[in-house]
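A quick write-up on the structure given underneath.
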Amino acid sequence: MKKSTLINSEVSRLIATLGHTDEITICDAGLPIPDHVQRIDLALAHGIPGFLDTVRVILSESQIEGVIIAEEFATVSPVHHDALITELAQESGLTGKPIAINYVSHEDFKVRTSQSRAVVRTGECTPYANVILQAGVVF
């Protein structure tokens, strides 16, 4: 059995095969997922697993150099938005590498998901609780 935090085989395989600047979307239960993009559906029930828990686990296994967030997230769901920003700051502190934060409209965010290697769907039911992670390098 795998010893590290992440034990989901699909997500683990995805992270292991990421190249520099590849993107992964982590989304709430309602975000539309393009047909041609791999869907990794973790949603079990409303709120399970949560968005932030999923972000934490994926951050623990991958090097991220940037994120894309919908502008609406900060205004409509500020508690979750601020918690995400805190997680990103902590990750940056642990790795010693900056994480660029870019905001786009929700409509542009949905279009951008089509570039993701995969979309990881959570059970989160908080509006706009979505993030696109951009892979960095560990060296």
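Backbone N, Cα and C define each Cβ position, glycine as well.
Listed in Swiss-Prot:
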- His20: active site, proton donor (ACT_SITE)
- Asp28, His106, Tyr128, Ala129, Asn130: substrate binding site (BINDING)
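The number of other Cβ atoms within 10 Å of the Cβ belonging to Ala129 (substrate binding site), over all protein chains shown, comes to 28.
Between Asn130 (substrate binding site) and the residue listed as 'active site, proton donor', the C-alpha separation comes to 21 Å. Summary: among the recorded positions (His20, His106, Tyr128, Asn130), the fewest other C-beta atoms within 10 A of the C-beta are counted at His20. Annotation for Asp28 (substrate binding site): same-chain Cβ neighbours under 8 Å, separated by at least 6 residues, are Phe51, Arg121, Thr122, Glu124, Cys125, Thr126, Pro127, Tyr128, Ala129, Asn130. The full span of the recorded substrate binding residues, Asp28, His106, Tyr128, Ala129, Asn130, taken as their largest Cα to Cα distance, is 13 Å. When the alpha carbons of His106 (substrate binding site) and the residue listed as 'active site, proton donor' are compared, the span between them is 25 angstrom. Note: the substrate site is recorded as Asp28, His106, Tyr128, Ala129, Asn130; in the same chain, Cys27, Gly30, Leu31, Ala70, Glu72, Phe73, Ser77, Phe109, Thr126, Pro127 also have Cβ atoms within 8 Å of that site's Cβ centroid.
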